Amino acid sequence: MGTFCSVIRFENLQELKRLCHWGPIIALGVIAICSTMAMIDSVLWYWPLHTTGGSVNFIMLINWTVMILYHYFSAMFAGPGFVPRGWKPENPQDSMYLQYCKVCQAYKAPRSHHCRKCNRAKGDTSLCCMLHARVLLRCIMKMDHHCPWINNCCGHQNHASFTLFLLLAPLGCIHAAFIFVMTMYTQLYNRLSFGWNTVKIDMSAARRDPLPIVPFGLAAFAATLFALGLALGTTIAVGMLFFIQIKIILRNKTSIESWIEEKAKDRIQYYQLDEVFVFPYDMGSKWTNFKQVFTWSGVPEGDGLEWRVREGCDQYSLTVSSLFKRPSSFLAREQLKQKADKRVRSVRYKVIEDYNGACCPLNRGIKTFFTSPCTEEPRIQLQKGELILATRGLRYWLYGDKILDDSFIEGMEMEGTPALLTRASSRTQLKSACAFPVYISTSTASRVAKEQNQPKVHSQTGTSRIRGWFPRNCVEKCPCDGESDPAPEGEKKNR
């Protein structure tokens, strides 16, 4: 009884809200349609009470459904795991190697990130949302990505359940698709009549021996054909996601870390630096990496705060670092350098036309309408005269931060952009500035951390920054940035 009461708590009941989203509704709808039609058609094709084979087929079908739903709800409600509120490294001096999350107002543990999509309760003052926000306003342990199909993040604690769901769903759909095909074949076999130039199907004719338990008419045929299409589509789509997930698991990475690694190699190539990026969490053995996520107990290795690393690396090698060719000499802080490089390549724009924040604006042109970014990232409203700092973009769209006041730029520098980088203009200066890490004293780090505990808040919106997509034809490049900074063209990935 105590275990039951510990599971059914007010906070856990709030998690049921995750079902009220288009992702779980579609996913559970597909599971329900395929499972129900497969059970009905299995009765028509292979009656389970007559033969052993029919019984085994029906039991396997039920087993697929139960296991798929179990791992689906485990991934959804167990959650990815959250960094404890107010977490700090045991050694206070290590805080200079960590990034500071202004939303959580705490340090980010290694491999942790804050999910903007899950942070929807912020700003809602209702009692339910305030209690729910106590869970949401924390960084995700070993965050892989935010999955709309489970309406939750995939991270340290639910990565195994999510991957098993991606494996079992295609296997169950393959079994169901086989049942659909055999049912249609056996039911239509005696109803087909071939002529010289025609083929007729009499759906009103019933099989003579044996009589069907469930009538197979035109509606049943259409429903079976529809379920077959869903099963084949799910097999292809979810199967591809499974191969992507198992690939990064065997390398002990996450999708975000793969993106960080790709950006690190791009930065090294762009500035022609004498560096070699080494991923610190790859143990060198695929089996060892596999056991980091999948265990017999179902609980992944580690506490989500400290991780096993390969020889020559430390806990902060990826959090804010990459490795030089001489890893024992010193660690160059990779993510800080990537943020610095991001600000160097960013371009300041001035809004010349108002934009209402529509997802697909008709008044911005046909090309802008049809090339709207396929992402859940927000669009931001623009008013003429505002300033935008664009960090990435597509051909007809840009993504960036709205410059609220001068403190916004100061906040950007405080997050890891040294002053030299904000003023550098030539390629030689950029290369020299990004080639070496930024080291600061413990007193300076403490002062910065203290200041970051009180982030600048915009008086009207209540947020420290406003970021999102906006049409490129609503803005123009500021004259001061027109000569020195290249326009952000193309983005390799949207996450």
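Placed from the backbone N, Cα and C atoms, the Cβ positions cover glycine too.
According to TrEMBL, the protein has these features:
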type: DOMAIN; residues: 132-260; note: domain 'Palmitoyltransferase DHHC'
type: TRANSMEM; residues: 25-46; note: transmembrane segment
type: TRANSMEM; residues: 58-78; note: transmembrane segment
type: TRANSMEM; residues: 164-185; note: transmembrane segment
type: TRANSMEM; residues: 213-244; note: transmembrane segment
List, by number or range, the same-chain residues at least 6 past the transmembrane segment (164-185) whose CB is under 8 A from its CB atoms?
31, 34-35, 37-38, 41-42, 44-46, 57, 60-61, 64-65, 67-68, 71-72, 75, 216, 221, 224-225, 227-228, 230-232, 234-235, 238-239, 241-242, 245
As a test of reading the model: what is the averaged pLDDT for the domain 'Palmitoyltransferase DHHC' (132-260)?
82
Surrounding residues of the transmembrane segment (25-46) on its own chain - C-beta under 8 Å, 6+ positions past either end:
19, 53-54, 57-58, 61-62, 64-65, 68-69, 72, 149-150, 169, 172-173, 175-176, 179-180, 182-183, 186-187, 212-214, 216, 220, 223-224, 226-227, 230-231, 234
